[in-house]
Every structure is written in structure tokens, then in C-alpha cells.
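Trainee: The structure follows.
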Amino acid sequence: MYRSHTCGELRVEHAGQEVLLAGWVHRRRDHGPLIFIDLRDRYGLTQVVFDSAAAPTAHAVATDARIEYVLQVRGRVVQRPEEAYNPDLATGMIEVHATEATILNPAKNPPLYINKEGGEDETIRLKYRYLDLRRERMQRNIILRHRIVKFIRDFLDREGFVEIETPILIKSTPEGARDYLVPSRLHPGKFYALPQSPQQLKQLLMVAGFDRYFQIARCFRDEDQRADRQPEFTQLDMEMSFVDQDDVLDIIERLFTALCREITPHKRLLTPFPRLTFAEAMERFGSDKPDLRYGLELVNLGETVATSSFGVLRAALDNGGQVKGLRVPGAGHYSRKQIDEVVDLARQAGAKGLLWAIVPEMGGEVRSSFGKQVSPDEMTAIIRRMEGAPGDLLLIVADTPKIVAQTLDRLRREFGARLNLADPNTLAWAWVLDFPLVEWNDEEQRWDAVHHPFTAPKDEDLHLMDSDPGKVRAKAYDLILNGYEAGGGSIRIHQRDVQQRLFDLLGIDRETAMRQFGHMLEAFEYGAPPHGGIAPGIDRICMILADEVTIREVMAFPKTQQAVDLMTNAPSPVDERQLRELHIALRLD
């Protein structure tokens, strides 16, 4: 036996007992005759005292021990003097007086600090991830993730869901991103794909009669690693039969309300989850995933400036664009240099420029970038419409709806952070509903599915699919948490004729549809029930609940933003023999 107790287990009631501990040397303090070692495992720390007079052999071992050595210690639990209590440790009222000690394995000097945050470059942390994972913060995050997944499994089991594993080697079909392809040795020239999601398989499980399915699913997407993405990720994949949209939203809301109250009881949970339509979210926030922990809502100035003498404003409206503003409370003290930096942010977001005005104190003069282009009455009307108060900074964008939305969304998030408006201890879940079914792809001159090609259109919009597809709303819904998309889902098409109509709209001809999705179309002819589902992202939800800023901090072995595993050096070349077995020849041009 290597240990009788863990390093986080011993308390005052164990005083007088002989115990056996094993762990890593976390800290070592050498006071000559006395050596103090904090012994660590994932459960905590225990202070071990090595006395040269009482146990010279054990003291000699402690003399040789260094940081991160693996150590086994036998000793007696002793209550510390009251003045020596350490309130920061669960074991802080006791210490172990060593009688025997063994170095189970020495350790080289680690390239990063284990016993504190070292601020080293992330590449070092990822290269030596097995050391990084020894840190208290990382172990706390991984254990939090375990608790979240276990809670989900237990909750859904009580709700009558069945966990079913779907294949990892599947057929390659277009789902938005590029597939990771796996060559078949037994079938030369043919390939499997790693699933971007189990979407089609879970729908087929509904046809099979498993009316409540879930899976903690690994998914793979070979896409450019923009922002905080990973080539492989984990989602809670769910599907239900004989449900409408409200049924899906209800069970997810109950799941995550219960989960947050159990896992993060210290956080303020806003319930019930607000429901916004896609159009409302874009109008009020310029985003389909708004952070609802703070206001800073956008203001539509279309009517206010409809007859403006300022050509920039009028031209935007005449060309089908928008004029919207953002009121930033208390930012009127900004210097011209600071305002120029904000203008640069707007340009980075796609705007040609940014209009600004500072609301003066009573009787003062408005400072602005466009005061000479509008009349005093028009400026007053703009300030009144934006509910500007003295000392506020008003920001205005006039452009296409897309540019206006993405620019003001960028500025809203920027000032939400600068003004500390988002309470880190608040969880603001929300639903965004009624997304467009399709969107026009200017580059390829065709309609694309906004979510995926199996999303059902709203019944009342079916008649528009041929005449005005852009106005067709989908039975789709996104789950939002603190400004992040935490998951997406929809009610699915379950009738072959409707599915074929959508394929036709997307430019997928009948032959291609049968080749790529024939298994789905045929299944719909064998009594497919109405069904719908959702797939919340485990990595993202864990990140937010752990108060981290990147999903890499809640994954055991993540890859870099360039999809490289620095620890194992994957991807890596393979030898010619393996390629020949797979009938593959490389062409690197």
C-alpha cells in the first residue's frame, strides 16, 4: 500500500494516528535540524515535518528531496499549536511528523512553476501540459468539468433519456466546415469522415424510436482556427421525438438552472431565461448572442435623421442602410486621442467611420465630430432620442445593416469591458429564436442554410420558400450565456417532400441529394416522427462557469490556435509504408 490517506484528508480528529502519505513535493523549507515539506496530491496539501533528532533516516531523505519529487512518507498526525494554524489549508490544523520516507521518483527541475502561476508563455504550458495539469487551478477546472458532465448525465437519466454512442467513422457530407477525412485501407480511394456533429445519426435514432437520446459527443471540424476554437470539441448532443420548440427549451432551461445552482451556487442566476427573436436581438444589441448582464442597447436613429441635412446620414438611409447609435454613460471625459482609438476600433469592425458627440453640462456646447454638418435642433433631437445625459459619449454609425450591427456590437462589448458592466458572478442565459432559414451568399450567388439543411421552416412561412426565401423563419433557437453562443438547435424536418424542397432551394440537385443524404430521405419514408434537439457546447459552458477566458483552460490536452498539439507534436509526418498501405501519394503544392 502506498498511502492510507490523501494529502487533503487529515484533520484534528486524526491526531495520534500513524498514516502513510504519497505525493509530490510542493514546497520545501530547510531549517537545518528541521525540514518542512508540503506534500501535494490532487486532494490538497499536508505539511510534513522531518526532525533529524527523532527520525534521522527520514530527515536524510528530506535533505535529498527537491520540488516535484514523488515522495512516500510514514508518520504520526500531530495537532499544530494554535498560533501555527494555517487557515488557508483544509489540513491547516495538523501536521505529520515523519518517521520514514522514501523517494519514489526524482524529478528534473520543471520548466514551469507548479506551486504558483508563473506567467510563462502558453506554448510552454501546452508543451508540458502534464506538468501544467498538476497546478491547483487546472485540476480545479478539470474536476469542475467532470462534475458538470456527471450532473448532466444524472439529470437526463432521471428525465428518461438514453445515452447512445454514435460512430466516429462516418460518411462525408457537407455541414459547413471541412471534414477531417480518414482513408480506408480496405476500400482504396474511399474515405470516412470524422463527425462535425452526430446530426444525421441522432435524427435516424428518432426514426428508430429512441424518443429521448443524448450523448457527450466528440466532434471534429477542419476549419481555420479563428478566435477561441478547437479542431476537436465536446458537445451535449440531444434529440427528442414528439416535441415542439417549447418542449426543448423547457428541458434545457431546467437542466442548466439546476446545474448552475448545484455546481456554482455562489453565482447569481437570472431566471427564467429571456427569449428574444433574432430580429429583436439584432435591433437592440447588433448581435445574435448579446451579453445581457448589462444594457448599452443600440438606438435606432432612422426616424430622427430621416430628413437630415447631413449627406452621410441621409445617404445611408436612402441606400437601404441604417443609422444607429450607442450611448456610453460617463465617457464624455475621453480625450481626443482616446476617441480616435475608439474610431479605429469601429474601422477594424468594418465601418468607414464613426460619428461621435459628447453631451455637455446644462448650457454648455456639444463637442462632436459632425456638429457643423447638422443644425442645433437636429443635434438636440439626436441627444434626446439617445437619452443622452451630461458627460455621456454618443457613438453613431451610418452604413449597411450588417456593418452597423457588427460595429456597434464590437463597441458595446468594448465599453462593457472598459466600464466593468458585466458582473463576473452573474450568469445571464437567454434564448434567441426565429432565425432566418437561409441567407444569400453573394460570392457564390446561392442560398445557404443559416444553421444546417435539416432545420424545419416555421409552418406559417412555408408559402414563402419559393417566392421570398429570405423572409422564411426557421424553427431554430440558440442558447446564449454571457455573450457567448452556448448551443444551437432546432425542430427538424421530418417529411421527405419538405426536406426535398429545402435541398432544391439550397441548389442541391436530386442526384447529389440522393448521393449525400439518400439515407435520410429514405428514412423519412418509414414513419419519421416529429422531432427536434439541441447541442450545447460543453467546453464553452465549462469555461464560463470556471471563470476562464479560453476553452483551452478547461480541456485536458488542447491544441494551439493553429491546431497543433505541442506536447506530442501532432500532426506529424508518417512513413512511406503507411501511405502505400492506404494507397495515398502526397502532392504538396
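Glycine is no exception: its Cβ is also placed from the backbone N, Cα and C atoms.
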Trainee: Kindly point out which candidate in GLN215, GLN230 is recorded by Swiss-Prot as part of the ATP site with ARG221, ASP222, GLU223, GLU485, GLY537, ILE538, ASP539, ARG540.
Mentor: GLN230
Trainee: In Swiss-Prot, one of 199-202, 371-374, 455-458, 495-498 is tagged region 'Aspartate'. Which stretch would that be?
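Mentor: The range carrying the region 'Aspartate' annotation in Swiss-Prot is 199-202.
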Trainee: GLU485 (ATP binding site): which of the recorded positions HIS31, ARG221, HIS451, ARG492 is the nearest Cα neighbour?
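Mentor: It is HIS451, whose Cα lies nearest.
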Trainee: Counting other Cβ atoms within 10 Å, pick out the least crowded of the recorded positions HIS31, ARG221, HIS451, ARG492, ARG540.
Mentor: HIS31
Trainee: Find the longest CA to CA distance in the recorded ATP-binding set ARG221, ASP222, GLU223, GLN230, GLU485, GLY537, ILE538, ASP539, ARG540; express it in Å as a whole number.
Mentor: 20
Trainee: Count the other Cβ atoms sitting within 10 Å of the Cβ of ILE538 (ATP binding site), across every protein chain shown.
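Mentor: By my count, 25.
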Trainee: Which of GLU223, GLU485 has the fewest nearby Cβ atoms, counting only those within 10 Å, among these binding-site residues?
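Mentor: So among GLU223, GLU485, the binding-site residues given, the one with the fewest Cβ atoms within 10 Å is GLU223.
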Trainee: What whole-number Å value do you get for the CA-CA distance of ILE538 (ATP binding site) and ARG221 (L-aspartate binding site)?
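Mentor: Roughly 16 Å, rounded to the nearest whole number.
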